[in-house]
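Inspection log for the structure reproduced underneath, given as structure tokens.
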């Protein structure tokens, strides 16, 4: 677009749209602000675009204000840092305190992005007070939007301001009555770890994490489980065993399948990536030995799943000596579901243990299961025997 044409024709149309009585046109004009701002010279942008943005941030239609809140970061890029500080910070603060929840939701979702283009001092002076207000907003969706991005403010504010001012807000949001708020904070905890350090993390956030491990909403418990390996790598094995080790076994007995499954995968990750096979032998296997005899068959199934995941990590010798006897013993279980899962686990162990162990222990157990009264048990046992034959032939 030629500059002369842009200034005369397009800007004329744009000016008409910004003053239109229908809010749908003004709504669309907001997007035009960001696009035009990138095309115009800086002085023209300040003269034509900035006043429009400021006016739109106070528009009588909440839909227009919502659009400004949604596009604000792009609008800041268009008008440059100096104008952002003098003109758009007050506009953004108004949007964060808007009387319509939808506008506050859009504005809250931008706090970290907006703070990144400010100095820490400006962010602390102008944005942080609004963040404190939003953390107790009457709308759960506003709090949820804030929780999904607030962690990103930690690197902007630095360690001291994060500890003194952001951390109390994190902790209050971690205890929010609305599960999505708690969930959004948990999923971004790693961003604050890097700023405040592990010592403070263990003092301040760990009690909240332990509490959330028993949260009534399974998705919150699941989010905590998924955060555990990262936490483990930062806490170290001693601290982890002391503070969080008990949670691992607790999750293996959760009433939700998704939690039990994630917990089993967690055990594998901790053994494979964080603490090693010796840790698993000392801290996990003894408790697995106890749980394989749990009265509830679903928990016994979870342990079988955990064994199948741990075996490749622990290797042939430990699997043959410590895990395989548990699996063979479980083949005598009264529940068909346990027995056909035993057949599946035995099949997964065939490539891990020595061939002599397959012949002396695994095959006899599978042969017995292949004659079980239950059709599913027979099917999976036969499949495992075929797999054993194929491994034998290929070797």
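Note that Cβ sites are derived from N, Cα and C of the backbone, with glycine treated the same way.
So that you can see what the record holds, here are the features copied from Swiss-Prot:
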REPEAT    44-81  repeat 'HEAT 1'
REPEAT    83-120  repeat 'HEAT 2'
REPEAT    122-159  repeat 'HEAT 3'
REPEAT    161-198  repeat 'HEAT 4'
REPEAT    200-237  repeat 'HEAT 5'
REPEAT    239-276  repeat 'HEAT 6'
REPEAT    279-316  repeat 'HEAT 7'
REPEAT    318-355  repeat 'HEAT 8'
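Within the model, the repeat 'HEAT 3' (122-159) carries an average pLDDT of 94. Away from its own ends, the repeat 'HEAT 5' (200-237) comes close to residues 163, 167, 170-171, 174-175, 179, 182-183, 186-187, 189-190, 192-193, 243-244, 247-248, 250-251, 254, 256, 258-259, 262-263, 266, 269-270, 273-275, 279 of its chain (Cβ-Cβ under 8 Å, at least six residues beyond either end).
Here the repeat 'HEAT 6' (239-276) is broken down by DSSP into helix, strand and coil counts: 32 helix, 0 strand, 6 coil.
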